[in-house]
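Lifted from TrEMBL, the feature list:
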TRANSMEM  26-47  transmembrane segment
TRANSMEM  59-79  transmembrane segment
TRANSMEM  100-120  transmembrane segment
TRANSMEM  126-145  transmembrane segment
TRANSMEM  152-170  transmembrane segment
TRANSMEM  182-203  transmembrane segment
TRANSMEM  224-250  transmembrane segment
TRANSMEM  262-282  transmembrane segment
TRANSMEM  303-322  transmembrane segment
TRANSMEM  334-353  transmembrane segment
TRANSMEM  365-387  transmembrane segment
TRANSMEM  393-413  transmembrane segment
Amino acid sequence: MTASRPRTVARVGPKSVSRRPRGLRWVLVAELVANLLGFAVMVHLARRLGPASFARLEYAAAVAAWLLVLVRGGVDVIVYREAARRPSLIRPLTDVLIGLRGLAALTGYALILGLAVLAGPERGPVVAIAGLILIPSALVTDVGLRASGRFGWIALAQGVRSLAYVGLAVSLVRNPGDLLRAAWSVVFAEVAGTIVPLAWHLGQLGWPRVRFRKRAWIVVARRGAIAGVTRFGRVSLYGADLLVLGWWASAELGSYAAARRIVFGFVALGLVLPASLAPAIARQWACGANLARGLIEDSLVRIWGLSLPAVLVLMVMAGRWMPLLFGEHYREGGPWLVLIAARLPWLLTASFIQAALTACRRESWVFDQTVGLVLLALVLVPAAAAWAGPWGVGWALLAIEIVAAVGGLRMLAKLGLSPRWYLWRHRLRGLLP
C-alpha cells in the first residue's frame, strides 16, 4: 500500500476589483450635460439681469455654496466610505446622515440670514433666498446609491435637477427686476434633484427614519469633523475671490463673475471624479496599495489630459468669448478669463489628491494642509484685493492652488502612492471613461 500523495490546494488570490466603477460614464455624461445646460442658463441670466444684478446673484450663490459644505461636508465622506465597506449599514447610516445634515442646515441658514442682514437691502434678500438650498440638500438620500456604485441613478438625479433649473430660469427671468426669481429657480431645482434618490431609497429600504441617536451621531460627527473642516476650508478657497470681491466692487464683479463661471463649469465636471471615485479608492486601499495607486494614476492622467486642452481653448478664445456670449458690457472679463483658467488643472489635481488621501484614511494629513492653505489665503487674498483688485486676487489664488497640488503629490509619495509618470502614455490610451 503506497502512501497517498498529499493534496495540494491552489492558492486563491483576492478577487479582482474593477478599477473603474460601473456607471461612472453615465455620471460624467450627466455632469457634462448639466454643465452645458447650466452654462446656457448662466448666459441667459447674465444677459437678462445685467452686470450689477448678475453680480448680486453670483455673490449670493457663492455664500450659499460656501455654507453648503456644512451640510454636505465631511460627515458625507465618512458615511459614504463606511457604507461602501459595510453595505449592511446603508440604512442606519442614511438615517444618521440625514439627521446630522438637518442640524447643519439649520445652523448654516442661521448664518446666512446674518450675512443677509449685513449685506444690506439690495443684496440681502437674494442671499436669504439662495441660502434655502441648504434645506433640500440635507434631505438627499444618496448613501445607498454611492456606496453600491449605482451611478446611473445619480446621473438621472443630476439630469432631473438640470432640466428643472433650465425650465425655471428661462421661464421666470426676463429682466434685471427678476433677480429674486432667479434665486428661487436655484432652490426649486435643488428640490427636484432630491426626487430620484428618494424614489430609489423608498423602493429598496423604505422611508428614512430620522431619530436622535446620541451615540451614533457623536461617533459619526467626530469622525467627520476633520474631513468636514477640511472640505469647508477647501470650498472657502474655491469661493475666496467672490467672497472678497463681493464686498469690494459689486458692479465690476459682474464681468469677473461671468468669466469665473465659465472656468468653474469645467471645475464642476472635474470634481465628479473625487466624489464618485472616493468609495472605490477606499475599497481598493483595503485590498492593497497597488490597486489604489493604479486608480489614482488613471484619474490624475485623466485630469491633466482633459483640463490642459480646455485651458488652452479658454485662453486663446477669451477675448472673443466674453462679448460674444454675454454682450459688450462684459468685454473687460476676457483677460480675467485667461487668469482664472490657469487655476483649472492645479485646482482639480489638489482636490482629487485630498479626496484620495481621505479615502485612504489620511484625513489628518489633508486637514493639516488645508489649515495651512487657509491661513495663507487669509493673509494673501485680502492684501492682493486691496493692492490690485481682481487681478491681485486671481494671481494669489493661482499661487495657492499650485502650492496645494505640489504638496498633495508629496503626501502621495509619502504614502507610497506616488504616480508613476513614466506610464503616462499607457494611461492616456484609456483616457475616456
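Backbone N, Cα and C atoms are what each Cβ position is placed from, and that goes for glycine too.
Keep in mind that TrEMBL annotations are predicted by a computer and have not been checked by a curator.
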Close approaches to the transmembrane segment (393-413) from elsewhere in its chain (Cβ under 8 angstroms; 6 or more beyond its ends): 237, 240-241, 244-245, 296, 336, 339-340, 342-343, 346-347, 349-350, 353-354, 356-357, 362, 365-366, 369, 373, 376-377, 380-381, 383-385, 419
Residue numbers, six or more beyond the limits of the transmembrane segment (224-250), whose CB comes under 8 Å of its CB atoms: 52, 55-56, 58-59, 62-63, 65-66, 68-70, 73-79, 100, 123, 256-257, 260, 264, 267, 347, 351, 354, 358, 363-364, 366-367, 370-371, 373-374, 377, 381-382, 385, 389-390, 393-394, 397, 400-401, 404
Chain residues outside the transmembrane segment (303-322) and at least six past its termini with a C-beta under 8 angstroms from it: 255, 258-259, 262-263, 266, 270, 273, 330-335, 337-338, 341-342, 344-345, 348-349, 352, 428, 431
Contact between the transmembrane segment (182-203) and the transmembrane segment (152-170) (at least 3 Cβ pairs under 8 Å, separation 6+): yes
Long-range neighbours of the transmembrane segment (26-47), counting only residues six or more past its ends (CB under 8 A): 54, 57, 151-152, 154-156, 158-159, 161-163, 165-166, 169-170, 173, 182, 254, 258, 261-262, 265-266, 268-269, 272, 276, 325-327, 330, 433
